[in-house]
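Swiss-Prot lists 1-45 with the feature region 'Disordered'. What Swiss-Prot lists as compositional bias 'Basic and acidic residues' is 1-24. According to Swiss-Prot, the feature compositional bias 'Polar residues' maps to 36-45. Annotated transmembrane segment per Swiss-Prot: 55-75, 95-115, 121-141, 149-169, 184-204, 218-238, 268-288, 305-325, 331-351, 363-383, 399-419, 433-453, in sequence order, evidence recorded as sequence analysis.
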């Protein structure tokens, strides 16, 4: 390859090069290793390549994120019926969600250590916990005449232990298997599958459970779906045979070194703090939307549709924005646009239930979902870029753990701020919505400070730079 040294040195990851055409492939930049013909005996260059088998893990991670979120929101969309079936109060049903959030926080240090070794082990641990947790819940719900609250709480905690292993995995998986042309989209697909599961729960569970006796079958159906979607975790490939690009083979910092970088980086915290808050409020509003809207005369189905709009519109919008960010790398601009929009949406939503008409809440929830869902993969990938060579699971697991912790705290605070039976209307959550709006507006300006005060060098996209800088002679990149 000595004759092509200068040419190879200029090649960049993800570029569409004539080399692909010379070797009989199209110029779409998506050539898989299984399709590669062997090189001549005289040329044995190092090649970076992607593999078709990466889609197995991506699909599995997507399915597991769907079902773990559906498991979380099994009871919230039918809180009244669930409370009757298990013989507890609605507050006790809220504590099922709270326990789920806190379970994430309890095991997130272990999650970082497991993901640091690779995503496959994390997938298998999550699959085992999801399957066990679901059937423990069903064991306490097998009778149509009433269930055992302790069993569903225990099962929910077990499922909560599973969530960090897959919710924090997308950035680690995309870093290992995808080039910089596809990482944001891969992270978006797998991360946003989690709220998709919540949308399915919001839409489907109220149709499965029309009366308290139906809760048993509802739990059974969710358990079967969760089991089927978790089984592929045991056949996911552990790692690509060769690195997909220069950044993928860059030695990652140790966990101790990573913790030091994380605690001392102002830029990371300017992104992490609003991420914590907005994920926490998203979890809170998803858990409590039924209780927010019903006091104003909305039905379970109307509240469920509102939750589904929040999620589905967000998914569609993120499907548009993620490929654009993948190509342009405008992470910072996107953060500075979407975070203020989210804050304004929480402020506007304070008055929406009082309209007693679905149009207002649905419109605000749609915009809130669009901005929130677009933000998630952008923020996670931007954190990875800022922290490189931190291993991606360090920033992503920390980000999600903070969001889950605040989600639990916000649900508890919202419950305490709920009006009594003498409220107008009784049991309204207006004060909780005001609290939500104030905190959301307080944190939304933080990303606006990124790159200011002479710290422009701190927001360089380090992983992208590692991928796109000149590649040494004898290296060929096939993205």
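Cβ atoms are placed via backbone N, Cα and C, with glycine included.
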With Cβ-Cβ distances below 8 Å as the criterion, list the same-chain residues six or more beyond the ends of the transmembrane segment (55-75) that contact it, or say none.
82, 93, 96-97, 100, 119-120, 123, 126-127, 130, 133-134, 137, 152, 156, 159-160, 162-163, 166-167, 169-170, 173, 177, 186, 189-191, 193-198, 200-202, 205, 218-219, 222, 225-226, 229-230, 232-233, 235-237, 286-287
Cβ under 8 Å, sequence separation of at least 6 from the ends of the transmembrane segment (149-169): give me the contacting residues as numbers and ranges.
61, 64-65, 68, 71-72, 75, 86-88, 92, 95-96, 99-104, 106-108, 111-112, 114-115, 119, 122-123, 125-130, 132-141, 190-191, 194, 219, 393, 396-397, 400-401, 404
Is the transmembrane segment (95-115) packed against any residues at least 6 beyond its ends, judged by a Cβ distance under 8 Å, and which are they?
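Residues 72-73, 75-76, 121-122, 125, 152-153, 156-161, 163-165, 167-169, 172, 255, 283, 287, 391, 393-394, 397-398, 400-401, 404-405, 407-408, 411-412.
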Residues sitting near the transmembrane segment (268-288): Cβ under 8 Å, six or more positions beyond its termini, same chain?
73, 76, 94, 97, 101, 195, 198, 202, 261-262, 307, 310-311, 335, 339, 342, 346, 372, 375-376, 379, 382-383, 386-387, 395, 398-400, 402-407, 409-411, 414, 429, 432, 436, 439-440, 443-444, 446-447, 449-450
Same-chain Cβ contacts of the transmembrane segment (121-141) under 8 Å, 6 or more residues past its ends?
57, 60-61, 64, 67-68, 71, 74, 85, 111, 114-115, 147-152, 154-163, 165-166, 169, 215-216, 219-220, 222-223, 226-227, 230-231, 233-234, 236
Mind checking which residues of the chain, 6+ beyond the ends of the transmembrane segment (184-204), have their Cβ under 8 Å from one of its Cβ atoms?
58, 61-63, 65-74, 76-77, 167, 169-171, 173-174, 177-178, 222, 282, 286, 289, 303-305, 307-308, 310-312, 314-315, 318-319, 322-323, 325-326, 373, 376-378, 380-381
Under an 8 Å Cβ to Cβ limit, what residues of the same chain, 6 or more beyond the ends of the transmembrane segment (399-419), are close to it?
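Residues 91, 94, 97-98, 101-102, 104-105, 108, 163-164, 167-168, 272, 275-284, 287-288, 291, 379-380, 383, 426-432, 435-436 contact the transmembrane segment (399-419) from elsewhere in the chain.
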